[in-house]
Amino acid sequence: MPMQEPQRRLLGPFNSTRTGAPHLELSANQTGPWCLHVSIPDGLFLSLGLVSLVENVLVVISIAKNQNLHSPMYYFICCLALSDLLVSVSIVLETTLILVLEAGALATRVTVVQQLDNVIDVLICASMVSSLCFLGAIAVDRYISIFYALRYHSIVTLPRARWAIVAIWVASISSSTLFVAYYNHTAVLLCLVTFFLATLALMVVLYVHMLARAHQHAQAIAQLHKRQHLVHQGFRLKGAATLTILLGIFFLCWGPFFLYLTLIVLCPKHPTCGCFFKNLNLFLALIIFNSIVDPLIYAFRSQELRMTLKEVLLCSW
């Protein structure tokens, strides 16, 4: 677990302080006086992680409690919340260990710390890969519901959804283990960045197609003035809007980190890139922020889930 600022935290395999990783610590005269470095306190990381942990636990409990939410769409949303939960647990665990080690309250071997760091790295990487996969799965689910509405329930069945979920988790954990084991290979970074861009491209294409179809239907419905169809189409538009918001926030929160990985390969010692590298902790804080925002979007966009969340909160009191 790297212990030096500014890049001492998560995803140690991509951290400049790890042995064998690209040397990214540039001095002030290499980056220039114009270089902006945003420092993120440990307390902020711990607070963000705890907030995200509580929110995503509530989402998982709400979906598990309400039988009306036991559908493929909400199963994928639940797994997305579990991915965010992995981020939260990892953040809280690592920040706590850092504080304990820095305070000298825990004396342990370097090899033990390294093993703990590897476990945290696998958790974070698995959550990253699984988040992308489940966002893609949600987009595909919505696409089928709009363009193959009559066949939707025969195409997207619960058994198929469960098998897809199992496959995604197995693939995410397996690939993350390999990524951490071979962290000092440039191919690892390129694979992660390529997977991120490919998944985003797929989702953008699906969303653009869905929004185009929704716009055509809205125009036709406006001419017919049939309220029943309008309500049904409004439901679909609401779902597409929710997923678009999720995708946009995911891109804004994860984009800087993937740009960071890309620049490690392209310009590891360039002054401008070095300035960007100094803000790794900021990019990681954005990732945690993404895991906080996701449950809020579910609660405000889904009336059924919002009502269940209220019931869960009232029961907890």
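Just so it is clear, glycine is given a Cβ too, placed from its N, Cα and C backbone atoms.
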Tell me if GLU102 and CYS273 end up on the same side of the membrane in Swiss-Prot. yes
For the topological domain 'Cytoplasmic' (301-317), report the average pLDDT of the model, please. 79
Could you tell me whether the transmembrane segment (38-63) and the transmembrane segment (164-183) are in contact, taking contact to mean 3+ Cβ pairs under 8 Å with a sequence separation of 6 or more? no
Across the topological domain 'Cytoplasmic' (301-317), DSSP labelling yields 15 helix, 0 strand, 2 coil
Residues of the parent chain within Cβ reach of the topological domain 'Cytoplasmic' (64-72), under 8 Å, 6 or more residues beyond its termini: 78, 141, 156-158, 160-161, 304-305, 308, 311-312
Using a threshold of three or more Cβ pairs below 8 Å, and leaving out pairs closer than 6 in sequence, do the transmembrane segment (241-266) and the transmembrane segment (73-93) count as in contact? no
